[in-house]
């Protein structure tokens, strides 16, 4: 067996190129800060406005109804915790619970002292 032919380098580590000035890369248009206009609409808030006309309120109501009607997961690991739950589990992000409690979380409200 023969050794492979030496490859030619596409770059050299010995030559140093100067670091370009960041300010020289910007144009005058880039330097002008554009002020964002803030309006009173649903896009600036997390929830829909009281008098919502963009359709966000209807979408939120639809999503709430879907979440309430979600069936328990079919993998059987819903009660064990996030490490064991499947990707489509409706209990994802919630703490582990007893499987006989139907997804209700029991909090320990006693003092640790």
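From the backbone N, Cα and C atoms, a Cβ is placed for every residue, glycine too.
Copied over from Swiss-Prot:
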- 42, 49, 52, 54: [2Fe-2S] cluster binding site (BINDING)
- 1-15: compositional bias 'Polar residues' (COMPBIAS)
- 1-22: region 'Disordered' (REGION)
- 33-113: region 'Disordered' (REGION)
- 42-54: region 'Fe-S binding site A' (REGION)
- 75-89: region 'Fe-S binding site B' (REGION)
- 75-78: motif 'Cx2C motif 1' (MOTIF)
Next item on the list: Please report the number of other Cβ atoms within 10 Å of the Cβ of residue 49 ([2Fe-2S] cluster binding site).
Entry: 14
Check: Taking each of the binding-site residues 52, 54 in turn and counting other Cβ atoms within 10 Å of its Cβ, which one has the fewest?
Finding: 54
